[in-house]
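Engineer: First the structure, which I've put down as C-alpha cells, then a few questions once you've had a look.
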Amino acid sequence: MANISWTVDSNEALVLSLVRAQEDKQVLGKNESFEGFHPTFTYPIYGEDEKLYGYQDLVIDFRFASGSLAQFLSVRYAEKLPASSTVDDVEGIFSPFIPPGYETEEEAFLARVENDASSFQPIGKCIHSYTRPAPSSSSEESNVEYEVYHATFEDSGFREYHRRMQIFILLYIEAGSYINEEEDGWDFVVLFEKRKRKDGTATYHFVGYSSLYNFYCFPEKVRLRLSQFVILPPYQRQGHGSELYTAIYNFVLSQAGVSELTVEDPAEAFEDLRDRNDLRMLLANEQLMNEGFGTQSATASHGGGRVQKARSRLRAVPQSASGSTKSRGKMGPPVDRAWSEKWRKDLKIAGRQFHRLVEILIMLHLDPTDIQGMRAFRLHVKERLYRFNFEILAQMEKEERLQKLEETFQNVQEDYKRLLAMI
C-alpha cells in the first residue's frame, strides 16, 4: 500500500497550458480554455509504465507562451520521500526533452508572455487562411482568423521555434519521436489562430503543425511524405485538422517539383481525416466526376453545398437492373486504368490512396440492383486487395484465399460506408 500512495500517473501529473497575455484573455469567450490540459502519452519521457515514484499530489506545471512557445517548467508536490535512488528526478528526466533556458520563475515567465504576445510573428510564408465564428460571448468581432505558414530550417529563427514545439509530438502521437534536424529536406506547415484585441491589434497563437520530408522521385522530382501531424487539445474537433491537411495538399499541388503527397504510417484518426478531405475534394471536382460517371452526372444542381451537389449528381445517373453500362464513364466499373493514372498524377495522390478513393466513389455511384455493375465492382476491389496482399495470399490454398478475399472485401465495403456517412 505504501508504494501505491507514493506512485503517480505521469499523464495526470503533467499539466499543459498555452498562456495568453492579459489583453488577449479579455476577448475570449467564457467557454474558451487553453490552460490546464493533459498529454495523451508520457512514456517517451517517463517510461512505458508512465509512473513516477516518490511523491504525493505531484504537479508538473509546463506552460507555453501561446504564440512564441517560450516555456516555463515547475514541479510541485505535497510530500516527497527522502532522496534516494528510487525517487524519480522529475525535472531532471524531463528537461533533456526541451530546449535549455526555459523559465522556472512564474513572474519572469508571465512578463515574457506579455512581451512575446505583442512582438511574436509566425515564421515563414502564409499559404492558407480561413475563419471560424467567434464565440458569442467573446469580442465584438464576428469571426476569428486562422493562418497556416510554410517554413523550413532555412528560415531565420525557425530551427529554434521547432525545438520548442516538437515536444507535442512525443505527448500526442503514439510512437512519435523527434526528427533529425541535421537532415536536409524537411518542410513544416504551422497553424496559428490570429485573434484581435479590443484595440484591433492582432496577435498569434499556436494551434498545431505538421512536418513533411522530401524524398527523391525519379527522374527529377520529389515526393513529400507527411511524417507528423498534431492539433493541440483545446483546438481539436473544430475542423482545424481538416484545414491544416487541406493547406498541405494545396501546397503540394502548387509545387511543380513535387510529384505526390504520401503519409507515413497514419493513425486511424488521421487516416479518416485524410479520407474525408480527399473525398470531398474529388466530389467537388466537376471535370473528374463528369469524366468518371458520364455527363449526365452533372445534370442535377440542387443541394446545400458542393459535396451535396456532387452526391446528388451521382444519384441522378440512371441505372438499370439489367446492368446496362451506356451511362457509365471512365470509372465504370471496371475503371479505365490509363485515365485513372493520369488523374492520380495530376492530383498528386499516392497510388493506394487514390485507388481506394476511386472505389469509394464507384460504390457511391452504383445502384445496388445493378447486378453486373456490383459484380464488376467486387472484382475490381478484390483484384487490388490481391495485389496489395499478394505475399500472404499466395501461400494459401485457393479455397482459403477466395474466402479471405471475400471477408476482406466485405470489411472494406463496410468501412467505405462508414466513411461516406461522415461526408
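Cβ from N, Cα, C; glycine included.
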Engineer: Which of these ranges is annotated coiled coil in TrEMBL: 31-58, 87-114, 395-422?
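Structural biologist: In TrEMBL, residues 395-422 carry the label coiled coil.
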Engineer: Compile a sequence-ordered list of residues in the same chain as GLY241 (acetyl-CoA binding site), six or more apart from it, whose Cβ lies below 8 A from its Cβ; state 'none' when nothing qualifies.
Structural biologist: GLY208, PHE229, ILE231, PHE270, LEU273
Engineer: For GLU264 (active site, proton donor/acceptor), just count the other CB atoms lying within 10 A of its CB, please.
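Structural biologist: Around GLU264 (active site, proton donor/acceptor), other Cβ atoms within 10 Å: 12.
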